[in-house]
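S.K.: According to TrEMBL, the domain 'Major facilitator superfamily (MFS) profile' annotation covers 24-508. Per TrEMBL, the feature transmembrane segment maps to 25-49, 69-88, 100-119, 125-143, 164-193, 213-232, 295-313, 346-369, 376-397, 403-427, 439-462, 482-503.
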């Protein structure tokens, strides 16, 4: 039976873009800024950790983290994220989006700060405590995914909802860039104060004792933006969609949104009762959910998994590209702090040229052409560039042609972000019913992080030369090589295109219309919401 829409939800859907929306984007976006900083900054100091804790006297090359330990330091954060995405996704539907919104930030603050205080009587002891603290950091970061995406989608109007959710996720790009900038500042400051020779000149002196403070400072700075976010998150009201459709408190939803929009809104408890009674209570693993949304969940899970396999596997080209274009020379020709500086600079260039522009193109076009079109385009372009790189790999790595490899690598990042890296975050927050929205987003995001583990570590092993010639230098066993790995990744993008077909297009539609929780409203469309004033949250 068709259901009239609640007045409070209609008011949110037709409201013009106002200060209230901008504030919600900033509050949720600053959390993602901190998420990205905390998640990616470890990559910038990994080489420094190897030099400090795993230096072997007499070796021609500087110390580096053992492959299994490097995998553990990065992988444990992904494992924590999987736990956080599933746990806080479920809690967001059970007790409310706002209830644990501050808790995730607290976990991030403590995880960032304590990671910088990692301790132990040996190198392995320090790495063990670092892994422990980064696991809990990952739980906080993971919990932020379903809560931030859902809160923003439920606050936004239907005309620009995609851009608002994309803007929250785009703060990830600024977080990555901030990590690079902090690394550059810290390493340059320490290098100027504690000058050290290159490793090939004096292996012992190339890593000054004070370098042990540098990586700790980089990790601990991640707690600062999270601290600023906590206060504002605690002041946000619960979303009207959760309060009305899940908690079934129509009067409170109307009061909260009347205060925010400064519009007289009635609670309509009878209508809420009708909607929730006709909807019924069904779980994410029920037959009813499988009939109505099973294909949507399968599409969201598969697309995010494939995307993260491809996105995180691009590291297989990164080190070679940085070395080939002389952004990061051979390790033995630099001191530890100089290498850290050059790694930070190389990542900053990629972030500025490929990562950030892709996010902001998504913001500009996601409500114009739609989520699925951008996702199709992103997967198709990544597949095309990876096929080109794989087909001409031997030629592209030869002197004089490496600039083409850098350009195609950068455009691959661009279309990942102006594509599925953004839309896989947006879509699960729009296509599922309110009482299962954060749960399904958490399941989809967790599948993505499983893909990140496969992409980061599976392809790091797979990309090693088949003849085993790199084993002595890298510590990895033989694999199928970079070229064959790129062909496999190109085929993975084709799967992403296929599973995108399972998803509905939410552009310009209310959340209730997309997921089938009600029909379009029969109340007048001239509700005076667009010209309403805003009260502070």
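Using the three backbone atoms N, Cα and C, a Cβ is placed for every residue, glycine included.
Those TrEMBL annotations? Automatic predictions, nothing curated.
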S.K.: Residues sitting near the transmembrane segment (164-193): Cβ under 8 Å, six or more positions beyond its termini, same chain?
M.R.: 21, 24-25, 28-30, 32-38, 40-41, 44-45, 148-149, 152-153, 155-156, 208, 210-211, 213-214, 217-218, 221-222, 225, 335, 337-338, 340-341, 343-345, 347-348, 351-352, 355-356, 358-360, 362-363, 366, 417, 422, 425-426, 429-430
S.K.: Can we call the transmembrane segment (482-503) and the transmembrane segment (376-397) in contact, meaning three or more C-beta pairs below 8 angstroms at a sequence separation of 6+?
M.R.: yes
S.K.: Looking at the transmembrane segment (125-143) and the transmembrane segment (403-427), are there 3+ C-beta pairs under 8 A, with each pair at least 6 apart in sequence?
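M.R.: The answer is no, given that the two segments have fewer than 3 Cβ pairs within the 8 Å cut-off.
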S.K.: Given a Cβ distance threshold of under 8 angstroms, which distant residues of the chain, six or more beyond its ends, lie next to the transmembrane segment (439-462)?
M.R.: 67, 71, 74-75, 78-79, 81-82, 85-90, 92-93, 142, 145-146, 149-150, 284, 293, 297, 300-302, 304-313, 315-316, 424-425, 428-429, 432, 476-477, 479-480, 484-485, 488-489
S.K.: Report the mean pLDDT of the predicted model across the domain 'Major facilitator superfamily (MFS) profile' (24-508), rounded to a whole number.
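M.R.: 89, rounded to a whole number.
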